[in-house]
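**Student:** Feature table excerpt (Swiss-Prot):
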type	residues	note
TOPO_DOM	1-20	topological domain 'Cytoplasmic'
TRANSMEM	21-40	transmembrane segment
TOPO_DOM	41-59	topological domain 'Extracellular'
TRANSMEM	60-80	transmembrane segment
TOPO_DOM	81-86	topological domain 'Cytoplasmic'
TRANSMEM	87-111	transmembrane segment
TOPO_DOM	112-155	topological domain 'Extracellular'
CARBOHYD	Asn124	N-linked glycosylation site
CARBOHYD	Asn135	N-linked glycosylation site
TRANSMEM	156-184	transmembrane segment
TOPO_DOM	185-203	topological domain 'Cytoplasmic'
TRANSMEM	204-224	transmembrane segment
TOPO_DOM	225-242	topological domain 'Extracellular'
TRANSMEM	243-267	transmembrane segment
TOPO_DOM	268-311	topological domain 'Cytoplasmic'
TRANSMEM	312-333	transmembrane segment
TOPO_DOM	334-353	topological domain 'Extracellular'
TRANSMEM	354-377	transmembrane segment
TOPO_DOM	378-381	topological domain 'Cytoplasmic'
TRANSMEM	382-405	transmembrane segment
TOPO_DOM	406-513	topological domain 'Extracellular'
DOMAIN	433-488	domain 'Kazal-like'
DISULFID	Cys439-Cys469	disulfide bond
DISULFID	Cys445-Cys465	disulfide bond
DISULFID	Cys454-Cys486	disulfide bond
CARBOHYD	Asn483	N-linked glycosylation site
CARBOHYD	Asn492	N-linked glycosylation site
TRANSMEM	514-536	transmembrane segment
TOPO_DOM	537-545	topological domain 'Cytoplasmic'
TRANSMEM	546-571	transmembrane segment
TOPO_DOM	572-605	topological domain 'Extracellular'
TRANSMEM	606-623	transmembrane segment
TOPO_DOM	624-670	topological domain 'Cytoplasmic'
Amino acid sequence: MGETEKRVATHEVRCFSKIKMFLLALTWAYVSKSLSGIYMNTMLTQIERQFDIPTSIVGFINGSFEIGNLLLIIFVSYFGTKLHRPIMIGVGCVIMGLGCFLMSLPHFLMGRYEYETTISPTSNLSSNSFLCMENRSQTLKPTQDPAECIKEMKSLMWIYVLVGNIIRGIGETPIMPLGISYIEDFAKSENSPLYIGILETGKVFGPIVGLLLGSFCASIYVDTGSVNTDDLTITPTDTRWVGAWWIGFLICAGVNILSSIPFFFFPKTLPKEGLQDDVDGTNNDKEEKHREKAKEENRGITKDFLPFMKSLSCNPIYMLLILTSVLQINAFINMFTFLPKYLEQQYGKSTAEVVLLIGVYNLPPICIGYLLIGFIMKKFKITVKKAAYMAFCLSLFEYLLYFLHFMITCDNFPVAGLTASYEGVHHPLYVENKVLADCNRGCSCSTNSWDPVCGDNGLAYMSACLAGCKKSVGTGTNMVFQNCSCIRSSGNSSAVLGLCKKGPECANKLQYFLIMSVIGSFIYSITAIPGYMVLLRCIKPEEKSLGIGLHAFCTRVFAGIPAPIYFGALIDRTCLHWGTLKCGEPGACRMYNINNFRRIYLVLPAALRGSSYLPALFILILMRKFQFPGEIDSSETELAEMKITVKKSECTDVHGSPQVENDGELKTRL
């Protein structure tokens, strides 16, 4: 008997360490995959500028991750449970690393980045063709040299990023469905919310690192080390600036490959957490029988696929959850993917500043919310139903607060000929014949060039030539333009490189926007886990992996892939001025109509989120009559523990045992 107790105790320690170690390894994998994903999102603007592509193509590149995920999600979710899940997760992490490495290759295969400019790196009178010079022919038109047009084919290098992101999506496929199902299979049902909360925290810690990495890389010039940055005429706030995006992808590749190592040492199955509490070994015998039954089912690996699909499609709560998720994810992907671009244009910040602010303000409350709701559900034994009702009310409250964002806005950058007249009067639409004015009509300036300068009068101009400037002093970003005929001020009628900065009032509004985002992020994190628990518990245990995979499949097909594409195309329609390539073709957008941009960015997600509350309300109604498997399992566990107590009491009170046993069964039924 002593040997049996010793064996049970040893098994308890081993079981505890394995399930916790797997949770730790999976959390690390979540950190690495979310690090790569968030870094990719922070670098979208840099990729857009590097390859001179419109936002719609950038959205397609971003959505290509979901395409890669889509290729294998159903296969992995169903057949993956029949195979060695930890090893499949490890292989997926390696593939993610290879995808990140491929995404960094264009930097090494293409030449140096040449931003659109007419300004010479040095200031000397013989090269000042970018200034206002009367009685000259217009020589600043896009070059039509065929040799230079061939060089522009290098812009197709973005295909490497596209393919690399697809491969990264393929590698990410097994991590969530197989990892979640592995924990759900071998963890106590009451521990699942806490474990999932820990995993979600890992998904938040990864973005924290990713945003810090993105902010750092965005502040470094893309060709640092190979060019003299003192000769640059652009700063990180310029829409032509490209940060060192490739450095972060190399780091992400290494982190993903390292995260794969622990999974190759985990067994295919683990003992169910908590089974060691039964000293008679009854539950251990049941577990062994369950293992044998699973082995028999593996011989017919495909026979249950169609019945499972039919069962899931006939589950009303599950199907409504998919509809709700599709609408919500459409909204959140659109908002999050283009949040850096929106803050850059709305509040006049650089990519590095914006990315850092997003990380500092948004991610800590999300992390706290994930841990808090997981702890509360475990500590106070809150049922999935109660948590779902609470999540719905909080989410609706946060949705109403969202409309305050419409009041936290700034005006367009005042650019003469684009968003304002040369007298400084703002006008909403761009009219091309207003780019030229009496003050610069004799300068023979190009109307397509984009070398913005800020005048002493607080008004920006598309170029020093269009500002009527006839002289320049200094070099690089310190260059100053003087004798500008279009600048009417009490000073020297001079201008400096770059757009004019927005005032302190706009900076204060940015703080209000970030505070609102903190509240929204915290409430979102609290409502996310109850919603995910409803998804896990509304389907049968044997259908769990397939159900998770099908849910991911639908959200990718109807949200993850199309959302950034159509949203990017809508953003492109708000562009006021496109960059110009050497062959005269349009490049990346340099200036947006921020009023139209704001309407698209805020209104469309609001409409999508608002429509998602209707199916969510039907879910709450259907849940009243639905018995969740997790709640049944919990009651059966209590009944088993009660029966053990009853057996002990039979030794002293034979007549009392039937009454206690019946009471326990009655409580279970209630």
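Glycine too: its Cβ is placed from the backbone N, Cα and C atoms.
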**Student:** For the topological domain 'Cytoplasmic' (378-381), what's the model's average pLDDT?
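**Tutor:** A mean pLDDT of 79 is what the predicted model shows over the topological domain 'Cytoplasmic' (378-381).
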**Student:** Could you give the Cα-Cα distance between Cys465 (disulfide bond) and Cys454 (disulfide bond), in whole Å?
**Tutor:** 12
**Student:** Sort out the residues at least 6 away from either end of the transmembrane segment (204-224), same chain, that have Cβ-Cβ distances under 8 Å to it, and list them.
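**Tutor:** Answer is 30-39, 42-43, 46, 50, 107, 112-113, 232, 236, 241-248, 251, 350-353, 355-356, 358-359, 363-364, 366-367, 370, 525.
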**Student:** Could you break down the residues of the topological domain 'Extracellular' (406-513) into DSSP helix, strand and coil, giving a count for each?
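**Tutor:** Helix/strand/coil tally for the topological domain 'Extracellular' (406-513): 21 helix, 18 strand, 69 coil.
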**Student:** Can you tell me how many other Cβ atoms are located within 10 Å of the Cβ belonging to Cys454 (disulfide bond)?
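**Tutor:** 23, counting other Cβ atoms within 10 Å of Cys454 (disulfide bond).
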**Student:** Using Cβ atoms and a strict cutoff of less than 8 Å, what residues sit near the transmembrane segment (312-333) while being 6 or more residues removed from its termini?
**Tutor:** 531, 534-535, 538-539, 543, 546-547, 550-551, 554-555, 558-560, 563-564, 567, 604-606, 608-609, 611-612, 615-616, 618-619, 622-623, 626
**Student:** Applying a 10 Å Cβ distance cut-off over all chains shown, what neighbour count does Cys439 (disulfide bond) have?
**Tutor:** 18
**Student:** State the residues, same chain only, that lie 6 or more residues beyond the ends of the transmembrane segment (382-405) and have a CB under 8 A from a CB inside it; answer 'none' if no residue qualifies.
**Tutor:** 193, 373, 376, 513, 516, 519-520, 523-524, 526-527, 529-531, 533-534, 537, 602, 606, 609-610, 613, 616-617, 619-620, 623-624, 628, 630-631
**Student:** Measuring Cα to Cα, how many Å separate Cys439 (disulfide bond) from Cys454 (disulfide bond)?
**Tutor:** 16
